[in-house]
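Enquirer: Structure incoming, see below.
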Amino acid sequence: MRLRLIAVGSRMPKWVEEGWHEYAKRLPTELSLELVEIPLNTRGKNADVARLIRQEGEAMLSKVQPGERIVTLEVHGKPWSTEQLATELDRWRLDARTVNLMVGGPEGLAPEVCARAEQRWSLSPLTLPHPLVRILIGEQIYRAWTVLSGHPYHK
């Protein structure tokens with residue numbers, strides 16, 4: 001099974017890269033977790049933010065192949081417990097399609113990306129810093145896998 005986090009933003013601090021890679025490497029080879037970074041467009045004082053978000057959304061969608069699943073991470077998405085995420089992970093595995101987890105930039109996801117989503121997931125009603133979201137997603141995917149495999153990490 002292939003999971004990809006497609007996230008707007010690049011050049012993250014070292015601790016973010018280390019955190020992400022720590023959880024990605026813990027997963028078994030049959031569950032790959034990869035990161036695809038979409039460069040954040042420069043936001044100047046007079047920038048057309050709607051246009052920039054649309055461009056970022058187009059770049060995100062260009063990384064998705066026909067037939068692949070899109071799951072957006074949104075404040076108004078559905079919150080999942082660890083056990084519910086494990087159930088979703090198992091369903092995704094059985095579905096045998098690549099799953100693309102989409103995280104937008106500072107202003108969120110483009111409407112075009114949200115319109116393509118098969119599922120909408122909310123990590124929290126809180127506004128979370130996007131670098132931290134990457135690590136949280138990696139950790140939660142790893143935790144869900146440990147639930148499914150009976151590993152003692154999740155107690």
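Just so it is clear, glycine is given a Cβ too, placed from its N, Cα and C backbone atoms.
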Enquirer: Given Swiss-Prot annotates Leu73, Leu123, Ser124, Pro125, Leu126, Thr127, Leu128 as S-adenosyl-L-methionine-binding, which of Gly19, Gly44, Gly104, Gly150 belongs to that site as well?
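Expert: So, going by the record in Swiss-Prot, that would be Gly104.
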Enquirer: Max CA to CA distance in Å over the S-adenosyl-L-methionine-binding set Leu73, Gly104, Leu123, Ser124, Pro125, Leu126, Thr127, Leu128?
Expert: 16
Enquirer: Let me know the most crowded of the binding-site residues, choosing from Gly104, Pro125 and counting other Cβ atoms within 10 Å.
Expert: Gly104
Enquirer: Long-range neighbours only, meaning 6 or more apart in sequence with Cβ under 8 Å: which ones does Leu123 (S-adenosyl-L-methionine binding site) have?
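Expert: Once residues fewer than 6 apart are set aside, Leu123 (S-adenosyl-L-methionine binding site) is near Leu73, Pro79, Val133, Leu136, Ile137, Gln140.
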